Number of protein chains: 4
Amino acid sequence: MAGNSFGQLFRLTTFGESHGVALGGVIDGCPAGVELDLQMIQEELDRRKPGQSAIVTQRKEPDTVEFFSGVFEGKTTGTPIGFAIRNTNQKSKDYSHIKDSYRPSHADYVYDQKYGFRDYRGGGRSSARETASRVVAGAIAKQLLKDIKITAYVSQVGALKLDKNYNQLDFSVIESNPVRCADMEMASQMEEYIKSIKKEGDTIGGVVTCVIQNVPIGLGEPVFDKLHAKLGEAMLSINAVKGFEYGSGFDGVKMKGSEHNDAYNTDGTTKTNRSGGIQGGISNGMDIYFSVAFKPVATVLQAYDTINKEGEKVTTQGKGRHDPCVVPRAVPIVEAMAALVLADYTLLARSNKI
Amino acid sequence: MAGNSFGQLFRLTTFGESHGVALGGVIDGCPAGVELDLQMIQEELDRRKPGQSAIVTQRKEPDTVEFFSGVFEGKTTGTPIGFAIRNTNQKSKDYSHIKDSYRPSHADYVYDQKYGFRDYRGGGRSSARETASRVVAGAIAKQLLKDIKITAYVSQVGALKLDKNYNQLDFSVIESNPVRCADMEMASQMEEYIKSIKKEGDTIGGVVTCVIQNVPIGLGEPVFDKLHAKLGEAMLSINAVKGFEYGSGFDGVKMKGSEHNDAYNTDGTTKTNRSGGIQGGISNGMDIYFSVAFKPVATVLQAYDTINKEGEKVTTQGKGRHDPCVVPRAVPIVEAMAALVLADYTLLARSNKI
Amino acid sequence: MAGNSFGQLFRLTTFGESHGVALGGVIDGCPAGVELDLQMIQEELDRRKPGQSAIVTQRKEPDTVEFFSGVFEGKTTGTPIGFAIRNTNQKSKDYSHIKDSYRPSHADYVYDQKYGFRDYRGGGRSSARETASRVVAGAIAKQLLKDIKITAYVSQVGALKLDKNYNQLDFSVIESNPVRCADMEMASQMEEYIKSIKKEGDTIGGVVTCVIQNVPIGLGEPVFDKLHAKLGEAMLSINAVKGFEYGSGFDGVKMKGSEHNDAYNTDGTTKTNRSGGIQGGISNGMDIYFSVAFKPVATVLQAYDTINKEGEKVTTQGKGRHDPCVVPRAVPIVEAMAALVLADYTLLARSNKI
Amino acid sequence: MAGNSFGQLFRLTTFGESHGVALGGVIDGCPAGVELDLQMIQEELDRRKPGQSAIVTQRKEPDTVEFFSGVFEGKTTGTPIGFAIRNTNQKSKDYSHIKDSYRPSHADYVYDQKYGFRDYRGGGRSSARETASRVVAGAIAKQLLKDIKITAYVSQVGALKLDKNYNQLDFSVIESNPVRCADMEMASQMEEYIKSIKKEGDTIGGVVTCVIQNVPIGLGEPVFDKLHAKLGEAMLSINAVKGFEYGSGFDGVKMKGSEHNDAYNTDGTTKTNRSGGIQGGISNGMDIYFSVAFKPVATVLQAYDTINKEGEKVTTQGKGRHDPCVVPRAVPIVEAMAALVLADYTLLARSNKI
């Protein structure tokens with residue numbers, strides 16, 4: 001398949017280039033009867049949009065979503081929900097310098113090789129602007145999920161790492177600082193660091209951690225479609241992501257089995273949660289938590305050497321309005337993708353037993 | 001879907017419990033005309049099988065594969081390839097102690113909760129024995145891929161970490177040591193360590209690194225089905241996996257964009273390869289490399305406390321023949337899953353252009 | 001899945017209710033580099049639109065399509081093609097009489113039962129207005145297919161049946177008569193008949209026959225995804241369709257094998273074509289032809305008895321602007337669905353051989 | 001996809017050539033807890049098997065199914081059900097005469113063209129022997145469906161047509177005559193006719209009608225995946241099928257809307273059932289009924305002219321043991337495919353509402 005759909009029963013298909021007419025999507029399979037708070041959907045979009053603080057890109061994109069179908073008298077009807085977000089701030093001229101040359105560590109070169117040519121304006125389909133459609137769908141998925149609570153936050157920027165477990169943190173502070181870190185002291189350190197990186201015209205990577213609470217037991221399908229495998233695929237499909245780990249993750253490899261195993265309480269919960277809420281690919285009712293690694297944004301506002309279509313060396317000056325660090329705006333995207341996975345597996349789980 | 005299939009055009013569906021009659025699978029979509037070396041398939045299975053060295057489980061399972069269809073006069077016919085591996089060493093009695101109690105950090109509890117009951121013999125469907133079917137299919141995928149070379153090796157056991165980049169290593173030594181480490185000195189340290197862990201009746205985690213060479217440009221689909229997203233899903237679907245990273249991975253988050261970007265040579269190759277051979281989800285012709293984190297095996301040969309079906313505390317003695325460290329036998333499984341992804345995307349890429 | 005997508009590699013997803021904001025769709029998997037004639041797409045839509053002649057519904061819907069993405073400088077880019085058609089002539093008041101009662105042989109009742117409630121305006125999602133999106137996608141599929149020629153025409157209205165084989169007909173007259181019959185004499189009989197039916201406030205059924213020429217050998221997948229099985233599914237998914245037959249069809253059951261078999265010419269073509277261009281589910285290079293039966297439109301402009309939501313008897317007067325016979329406008333829809341199937345199987349066939 | 005799977009949530013994948021080692025399949029998605037009557041499954045297979053009466057092929061194939069997985073202590077476990085049927089009566093020599101020449105109206109020629117070569121023994125994958133796997137899966141689907149009753153019978157052989165509506169027939173006689181006609185008088189006429197056809201070394205077509213009773217309201221997905229569209233696809237995927245109609249079918253086109261519409265009773269049932277139990281693609285609780293047209297078997301036991309691989313004319317003598325009329329043995333296959341569709345849509349319907 002062409003790869004622009006996600007999910008089996010709760011299925012999102014997206015379309016749109018960063019500088020085309022519009023981007024948007026279709027959600028197929030949302031059950032009938034979900035009362036939709038359209039204002040909440042727009043608020044989720046606003047968490048992702050450019051220009052919201054001094055440490056993100058200063059582009060001005062209102063990102064207003066228009067719904068075409070699937071909602072009637074405030075509720076979902078069970079039919080597909082079509083929607084679009086118009087591109088209003090296209091400034092195609094900004095991108096004329098990349099029409100004929102390939103930006104390092106961008107998808108320009110591979111698109112030309114794969115398709116024969118590309119829509120070079122602003123990265124076209126490979127732009128992270130596509131994720132706005134995911135946030136819309138994720139907001140609807142969250143409203144379907146109701147009691148399941150999905151919370152993401154920035155846990156690392158460059159070498160600045162928040163060395164606290166998620167249950168030692170105060171989630172209420174996340175939206176009160178522009179970094180979306182769950183610790184105010186670390187947040188201000190990260191903010192200062194991102195500002196200094198921005199001043200250099202450079203960029204820096206980071207990590208987003210996500211916690212999913214109140215998950216019923218039994219979500220996840222055995223073997224290939226394990227719940228964490230689909231969460232991992234979902235996160236790795238976000239632009240700039242280089243790694244995914246859940247539960248004890250990469251650190252868990254250093255532990256012995258006798259240390260790592262989660263002993264049971266008599267109610268089926270576990271005393272520790274190194275499993276990260278998933279056993280054998282199936283949710284066990286404990287909190288699910290995972291981390292997602294984002295590389296530094298490839299667009300730096302510095303001069304750099306590269307090649308053009310003819311394979312000749314060229315020197316280019318990076319310009320435009322870009323994020324010095326992608327993770328603050330990635331927080332709602334991580335949550336949206338998690339919501340899509342959980343919504344899909346919630347519907348899938350309905351067919352387990354007779 | 002029920003989650004026992006993998007791939008779109010080159011599609012594997014597996015079946016089978018660890019102590020049922022047989023396990024096996026169906027490969028649908030393998031093109032016609034692939035000359036199959038059946039001996040090579042069996043050799044790949046032998047790399048995965050128990051009892052092959054002193055540091056893996058001492059179970060005796062011959063794991064002989066029988067092909068039912070799809071091959072005629074030595075070549076694939078384009079029709080589905082059905083196959084099975086009989087379970088010959090079932091010893092169901094070994095598992096009677098787990099019929100009514102839940103082993104910590106196993107899938108026993110969630111299977112009972114999800115399905116209402118379970119085939120408790122040897123883990124049933126959640127046993128890693130299922131991966132034998134993947135190795136069969138992966139061996140066929142490798143023969144389809146021909147020039148694409150897939151090599152996995154153990155790069156970490158517990159805290160013992162091979163701190164060399166893959167291109168500083170001699171892949172020819174991998175199969176000459178029981179750990180399947182790509183460095184003989186580190187291999188013997190790891191082997192000694194695993195033996196000491198085994199003596200304790202305990203287990204230890206590890207990391208498998210995989211390198212894919214000679215990949216054509218253009219494999220991978222945009223947005224959700226990025227090549228690395230599918231590789232990540234594939235790896236995370238393997239039993240005991242807790243994390244996946246590719247290219248610069250989790251370490252890449254500490255770098256600045258100006259340091260991280262891969263500058264182009266005039267032939268389209270890059271001077272560095274922090275991207276890990278994939279840009280925007282599409283292969284760029286450079287080597288693909290990634291790492292997969294495995295937790296310590298949950299079955300320890302020690303006494304442990306747990307609960308039974310009635311939610312009562314019970315004390316159980318771990319027994320049976322289990323791997324003290326799963327990564328040596330995981331090497332061919334990682335390769336097999338990588339081969340399945342590459343085969344599928346090779347077929348998908350044929351529909352890119354008119 | 002929720003059932004609003006069609007195709008595997010060339011995949012259309014549609015959205016939209018008849019009286020919502022807009023309807024439209026996303027085409028995912030169209031290869032890059034197809035030069036698109038946007039005018040031709042609009043012309044195909046105009047063949048389907050209401051008000052085009054005296055024998056179809058007199059609703060006024062301009063049905064102008066807006067493209068959002070996937071097309072750049074006149075060519076497809078390989079990324080998803082999003083599009084929408086605004087609903088401009090909604091007149092919701094026309095439908096207030098059906099809000100609380102169930103029209104016989106419509107989907108009103110089952111929608112309420114399945115989803116708990118429905119968008120009652122104009123049939124909502126079950127309206128044939130949805131097929132406008134299919135015609136857009138079909139027009140793009142036709143442009144991808146190039147040499148493959150798809151021609152549909154009306155072959156029966158009520159008992160008036162065109163008793164000529166397709167190769168005895170002059171396809172050039174189809175668009176020159178409002179019935180879209182491929183025989184002018186029969187066309188005028190059918191036209192008169194439809195007018196008389198309309199005068200009664202009644203409706204009548206009909207048959208559309210479709211011929212696909214210049215099909216390469218080898219399209220179609222064995223077993224479940226036979227080419228004619230997918231064509232049949234495609235046609236049966238069109239509103240009001242009750243039957244599908246291809247090649248010798250229902251009449252073929254009366255023949256003996258010795259009469260029915262198509263003898264080969266030495267170039268692999270066949271002397272007769274009772275097979276309808278498909279053998280074992282795979283195209284054999286001969287013309288594909290099939291017929292599609294449409295029931296009479298359920299909306300009659302007469303008084304009728306029915307029930308309301310409370311299960312009480314009510315008498316209602318049918319009103320609005322409806323087609324007395326659906327087949328003239330169904331011709332481009334049948335062609336569009338055939339084009340979608342052929343486009344999909346054309347891409348699928350690329351993965352047959354090594 | 002390669003086309004050897006059917007269904008979304010209750011999904012059958014089949015493998016196997018008529019003269020290979022074995023044929024079989026995997027059922028993925030059967031819910032846990034279905035009590036399986038294995039004897040009933042074998043009985044369904046026996047209804048399909050050769051040699052059961054004087055009017056079907058006299059081949060001797062025991063068709064004994066072996067289950068590999070997914071069943072434990074008499075119940076389905078929710079994991080995939082793998083199974084195989086060994087080919088024991090292969091007599092490959094019977095088919096040596098078709099190795100190099102193409103039988104008219106068989107798939108020999110298109111397989112060679114599509115795949116480059118073929119397994120020529122007994123039709124290979126294109127043999128109707130593949131349907132044995134469908135009957136196994138259908139028998140399991142029937143046991144899942146419980147109250148839903150699926151009954152097929154022969155309603156036409158050549159020009160001998162049973163002109164009674166299904167509710168005028170006595171289904172209890174179907175299995176008591178070798179034709180599987182639902183009327184004993186017509187059955188004996190048909191039997192005599194098939195015997196006379198067989199004596200000529202010829203074959204004849206026929207129609208199977210199927211009735212599905214006790215269907216809950218709400219099965220079927222809107223737009224593309226209408227219940228009857230999937231039933232049609234399922235039936236058209238059976239070997240030798242040329243047409244499908246449901247409800248009023250092709251005869252319905254002659255009716256006026258005022259005659260055709262099904263008026264409601266106050267309990268939501270309808271006074272007539274021209275709709276065939278499906279409105280807008282969704283079951284309405286009335287009986288579903290449809291008819292399936294089968295062409296005459298292509299293999300005639302007469303001399304015939306054809307071509308060989310080199311495109312030269314050859315004269316061949318048809319031989320072997322073949323069915324003079326396929327419909328008596330097609331009855332259980334039609335039922336099986338209907339059961340697969342109903343099982344799948346039953347599971348899909350669980351995700352309709354919140």
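Every residue gets a Cβ built from N, Cα and C, even glycine.
Just one of C:ARG274, C:ARG321 is listed by TrEMBL for the same FMN site as C:ARG125, C:SER126, C:SER127, C:ASN239, C:ALA240, C:GLY280, C:LYS295, C:PRO296, C:VAL297, C:ALA298, C:THR299, and that one is C:ARG321. Using a CB-CB cutoff of under 8 Å against chain D, the binding-site residues that qualify from C:ARG48, C:ARG125, C:SER127, C:LYS295, C:VAL297, C:THR299 are C:ARG125, C:LYS295, C:VAL297, C:THR299. For C:ALA240 (FMN binding site), applying a Cβ distance below 8 Å and a minimum sequence separation of six or more within one chain yields C:ALA128, C:PHE294, C:LYS295, C:VAL297, C:ALA298, C:VAL326, C:ALA330.
Each of the binding-site residues C:ARG48, C:SER127, C:ALA240, C:LYS295, C:VAL297, C:THR299 was checked for a CB under 8 angstroms from a CB of chain A; none meets this. Among the binding-site residues listed here, namely C:ARG125, C:SER127, C:THR299, C:SER127 has its C-alpha nearest to that of C:ARG48 (NADP(+) binding site). Ranked by Cβ neighbours within 10 A across all protein chains shown, the binding-site residues C:SER127, C:THR299 are led by C:THR299. The Cβ neighbour count for C:ARG125 (FMN binding site), using a 10 Å radius and every protein chain shown, is 28. The local packing around C:LYS295 (FMN binding site), expressed as other Cβ atoms within 10 Å of its Cβ over all shown chains, amounts to 27.
C:ARG48 (NADP(+) binding site) has a Cβ environment of 26 other Cβ atoms inside 10 Å.
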